[in-house]
Amino acid sequence: MKLQIQTKPLVLFMILSMALQAPLTLCADPDPLQDFCIADGNGFPCKPASNVTASDFIYNGLAVEGNTSNPFGSNVTAANVLAFPGLNTLGVSMNRVDLALGGLNPPHHHPRATELDIVVKGEVLIGFISSGNVYFSSVLREGQIFVIPKGMIHFQLNVGKEKGLIITTFNSQLPGAVVAPLALFAAKPAVPNEVLTKALQVDESVVQLIKSKFAASS
């Protein structure tokens, strides 16, 4: 009996410690187990350290303006682990978002990362919708920063009189992106029309029309 009384505080301490640590382990990518692990293939195995050079830590992709000649008037250039193997295991990545006049980076969300946006050029309306359907937004100018909590649907819209440029950063090497209009209307196989008409409360002809707009993207 005495043994049970002595072990209870230890058991409670262990349970409390696990409960406190669990959210921390899920909030971003796992901590690396070595100084670096340059990705050497799609499965992200580590390149032998003896073959690593300074060039493995450099990525020039964000220096080039993206092509915004598309219906959205925007272009996202990713610097994630797929494009920049040097990020492997480091839990960070970036995007370059170019916006034409009136250009929109359409509503989307990143299932694996919080996002931090800094406006480099132009005036950009940035907004997100919380899980309680509350809309938060602001027009940002050069040098201003906006944070988007993990998993929230958000967008960026150029409301200025010149091209817009944003650099977005993430606490994940591969944050993922689910673009709402493409997910709904350009998925393969297609989302059934019955689901979309019911969800959006529109006629099937409207769904078919929207699907036709995204046929080239699917």
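Backbone N, Cα and C atoms are what each Cβ position is placed from, and that goes for glycine too.
Around the Cβ of His110 (oxalate binding site), 24 further Cβ atoms fall within 10 Å across all displayed protein chains. Annotated oxalate binding site per TrEMBL: Asn95, Asn105, His110, Glu115, in sequence order.
Among the features that TrEMBL reports, Mn(2+) binding site is placed at His108, His110, Glu115, His154. Sequence-distant contacts (6 or more apart, same chain, Cβ under 8 Å) of His154 (Mn(2+) binding site) comprise Pro107, His108, His109, Glu115, Ile126, Gly127, Phe128, Ile129, Ile148.
Among the features that TrEMBL reports, disulfide bond is placed at Cys37-Cys46. Annotation for Cys46 (disulfide bond): same-chain Cβ neighbours under 8 Å, separated by at least 6 residues, are Gln34, Cys37, Ile38, Ala39, Asp40, Asn88.
The predicted model assigns the domain 'Cupin type-1' (60-208) a mean pLDDT of 96. Feature annotation from TrEMBL assigns domain 'Cupin type-1' to 60-208.
Taken from TrEMBL, the feature signal peptide covers 1-27.
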Smallest number of other CB atoms within 10 Å: among the binding-site residues Asn95, Asn105, that is Asn95
